[in-house]
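Pulled from TrEMBL, these are the features on record:
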- 6-27: transmembrane segment (TRANSMEM)
- 59-170: domain 'DUF83' (DOMAIN)
Amino acid sequence: MIEFFDSIMTLILIAAAIWVFMIWRGLTQDWMPKELRVGRIVMIEEDLRTRFPFAVVGRPDQVYQLENGLHVPVENKNRSNFKIHETDIAQLSLQAWLLRRNRLSTTHYGYVAINNRKTGKRRAIRVDLLDDKSCGHLITRYLTVISHKAQPEKNMGVKCSSCGHRAYCY
């Protein structure tokens, strides 16, 4: 009788754990736009490469494939606000450019998924992406700056203080 009771309790605990997980997952997914929820995640932190017209390597945080077959890059950020920076748009645009260079069709937009450090809330903000020509200009500009053929634009903001190339400006 005790073994039967133990078996029943084990099943109840497993069922409760599954139920809690399902509730937790539902609560943690409420930040997602519907198109991402019904789509499927096809990449998490995977390297993408191309050699033409530039040698570029990138690693999107996440890539979702929508029901229509198009791919959407999602970039995760931890911030004290829900502000989008130009660098977010550039980063997502270059990720989409890399996806296309790897024969994956993309949307003209991506999402910045921001975890707000102050409130604990998470929100996905849709942003329009740059076209391939603009991505080419970004890459060319980056290459000229790191080869010391051009000076970077000085920026005294938060983005500047966290930039890996800050030494070039000072």
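Glycine is no exception: its Cβ is also placed from the backbone N, Cα and C atoms.
All annotation found in TrEMBL is predicted automatically rather than curated by experts.
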Task = Summarise the domain 'DUF83' (59-170) by DSSP state, stating how many residues are helix, strand and coil.
result = 38 helix, 29 strand, 45 coil
Remark   = For the domain 'DUF83' (59-170), the averaged pLDDT of the predicted model is 90
